[in-house]
Amino acid sequence: MVGGKKKTKICDKVSHEEDRISQLPEPLISEILFHLSTKDSVRTSALSTKWRYLWQSVPGLDLDPYASSNTNTIVSFVESFFDSHRDSWIRKLRLDLGYHHDKYDLMSWIDAATTRRIQHLDVHCFHDNKIPLSIYTCTTLVHLRLRWAVLTNPEFVSLPCLKIMHFENVSYPNETTLQKLISGSPVLEELILFSTMYPKGNVLQLRSDTLKRLDINEFIDVVIYAPLLQCLRAKMYSTKNFQIISSGFPAKLDIDFVNTGGRYQKKKVIEDILIDISRVRDLVISSNTWKEFFLYSKSRPLLQFRYISHLNARFYISDLEMLPTLLESCPKLESLILEMVKNQSTRRHGEKREPNVMVSTVPWCLVSSLKFVELKRSIPRYEGEMELVRYVLTNSTVLKKLRLNVYYTKKAKCAFLTELVAIPRCSSTCVVLVL
């Protein structure tokens, strides 16, 4: 010891620093625990005597009973939770019942949640689980997500705070049930209908003055009356499943079209979709969809999407040669996100052909407007990758940022970076980021 000063033990210092979270106010700790699953939240009771009962104050229940074999324990725990929150509010209830749905009294649990000012309700049940009528008049509900549930037909719907409605594989007794839910949600902003079992042959008449985002798939046909709609995501097989009836049009369109019909039917669908695309500023498109458009336009004048400024495209490697044509169709493009994926059919048939993206002419957007490009992939490096990077850097006059979201081993990355820095840049202000 020097100068009579006692050295602080490293373990004491580390222990003190690690326990800083315990010094936080209990309401803040409760908020932190709220964002964990209930299982992880309960585990914190073993940290210290202070933490022993903190999890009980969390205003939410996030359980996966499907992963547990002890039904009685789960039932007792859930009922105890509702009893302890009898006079308080519950912000979140998430239950993943799965195939064990018949072992739990789901209707009484949802009824209990609605009387405790529930805000977020997320229930994954199974085919014959009916949702109680109390859900239709829950005045505090903000976010409703149901999977594999069966809705009953309500006489009255009042959901004054509901902003997000997310239904997956949900069954309806008739075509008016979903319409009542939408019309009874005066502040609804987001609607997701995935594999929705809507009565066959019926078209959903969707009317909402507040809806901003809509996500539908091939199992439902929709006529949309939504003047504030900003983003429409639609997946289609053979036929177009939406029609927009309003003075405006969504700024963003996310289209996935897979053709399984005849030639005439396909031609009509493509023409309808192209009219819609010509009106948007932000487009998300899959490789299958663009390939259908590409083949359709071969004997026709070049497609022109004069309003598109943001493009997010997902391409199979074997279809990358279509990229220049797509860029030529977007003369005012400012932002491009391009994701490369492996073509499953190519892998299956052992085809090794790599595409060539080099063309004799440069698309107008590269010369005049393209400022941001992101290239990403979830596959091993492909043979034409560096040629694609070179194509962008050497032809983009006003490019400000090129982001390369790719994975390399340490050795391969060094070689990639060496080759990258040697590529001349048409834009002197371009910054290249390798993630």
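Glycine residues also receive a Cβ, built from the backbone N, Cα and C atoms like all the rest.
Marked as domain 'F-box' by Swiss-Prot: 18-64. What Swiss-Prot records for 123-148 is repeat 'LRR 1'. Under the heading repeat 'LRR 2', Swiss-Prot lists 170-195. Residues or ranges marked as repeat 'LRR 3' by Swiss-Prot: 234-259. If you look up Swiss-Prot, you'll see 262-287 marked as repeat 'LRR 4'. Under the heading repeat 'LRR 5', Swiss-Prot lists 314-340. The feature domain 'FBD' is assigned by Swiss-Prot to 354-406.
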Beyond the flanks of the repeat 'LRR 4' (262-287) by at least 6 residues, Cβ under 8 Å: 231, 233, 236, 238-240, 244, 249-256, 293, 296, 303-316, 319, 341
Three-state composition of the repeat 'LRR 1' (123-148), taking helix and strand from DSSP: 5 helix, 8 strand, 13 coil
According to DSSP, how is the domain 'FBD' (354-406) divided among helix, strand and coil residues? 16 helix, 11 strand, 26 coil
Using DSSP, how many residues in the repeat 'LRR 2' (170-195) fall into helix, strand and coil? 9 helix, 6 strand, 11 coil
